[in-house]
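A.B. asks: Okay, here's the structure, questions in a sec.
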Amino acid sequence: MSLLPTGTLILLVLFILVLITMTKNTSSLNVTKPVSAIAVLEGPVKGTVRFVEESSKVKISVDISGLKPNRKHGFHVHEAGDLTDGCTSACAHFNPFGTAHGGPDSKIRHVGDLGNILADKNGKAKYSFYDSMIKLRGKCNIIGRAIVVHADTDDLGLGGNAESLKTGNAGKRIGCAVIGYAKENFC
């Protein structure tokens with residue numbers, strides 16, 4: 001006397017076999033390995049921006065030249081990785097929660113609001129910092145989007161006008177690149 005109908009028993013056995021097969025095929029994947037991404041800017045403003053997961057934050061390493069010396073430049077992740085019309089086709093700041101613009105330490109901000117990068121006397125920005133809002137997987141994933149460098153300083157949403165709450169009054173887009181998976185993820 002069987003406790004389960006034959007058809008149900010067969011389906012249960014098949015389900016268990018599928019689970020075992022899936023477990024064997026994914027056992028070589030290292031899901032705990034941090035994801036890394038890179039954006040390569042080309043043109044008058046050129047260089048690299050690297051993104052690496054570190055615990056609950058993402059480390060952002062900037063190495064960009066061609067900037068105005070001794071000046072802060074707005075620095076944002078924009079929605080689209082589409083650069084068919086230069087930096088203008090990257091759309092608005094990445095803002096999946098529909099919030100107002102702010103600085104990287106603001107409680108209310110776009111996910112893509114990374115504040116400013118500071119150029120040295122030679123027009124170069126080379127340093128690292130961390131952000132806790134951008135991610136390299138999930139809803140706040142920035143891979144496939146664009147990193148954009150602006151001509152002016154981002155006022156971090158404190159400019160007192162509507163444009164400040166939208167863009168930080170950061171001005172013209174002077175450099176951009178699509179953020180893609182870095183080779184460290186694969187080889």
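Glycine residues also receive a Cβ, built from the backbone N, Cα and C atoms like all the rest.
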A.B. asks: Which one, Cys176, Cys187, is listed by Swiss-Prot as the other cysteine in the disulfide with Cys87?
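C.D. replies: Looking through Cys176, Cys187, the record in Swiss-Prot gives Cys176 as the partner of Cys87.
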A.B. asks: Hey, of the disulfide-bonded residues listed (Cys87, Cys176), which one tops the CB count within 10 A?
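C.D. replies: Top count of Cβ atoms within 10 Å goes to Cys176.
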A.B. asks: What is the total of other Cβ atoms whose distance to the Cβ of His93 (Cu cation binding site) is within 10 Å?
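C.D. replies: Around the Cβ of His93 (Cu cation binding site), 24 other Cβ atoms lie within 10 Å.
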A.B. asks: Which residues of the same chain, at least 6 positions away in sequence, have a Cβ lying under 8 Å from the Cβ of His150 (Cu cation binding site)?
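C.D. replies: Same-chain residues close to His150 (Cu cation binding site) (Cβ under 8 Å, separated by 6 or more) are His73, Gly74, Phe75, His76, Ala170, Gly171, Lys172, Arg173, Ile174.
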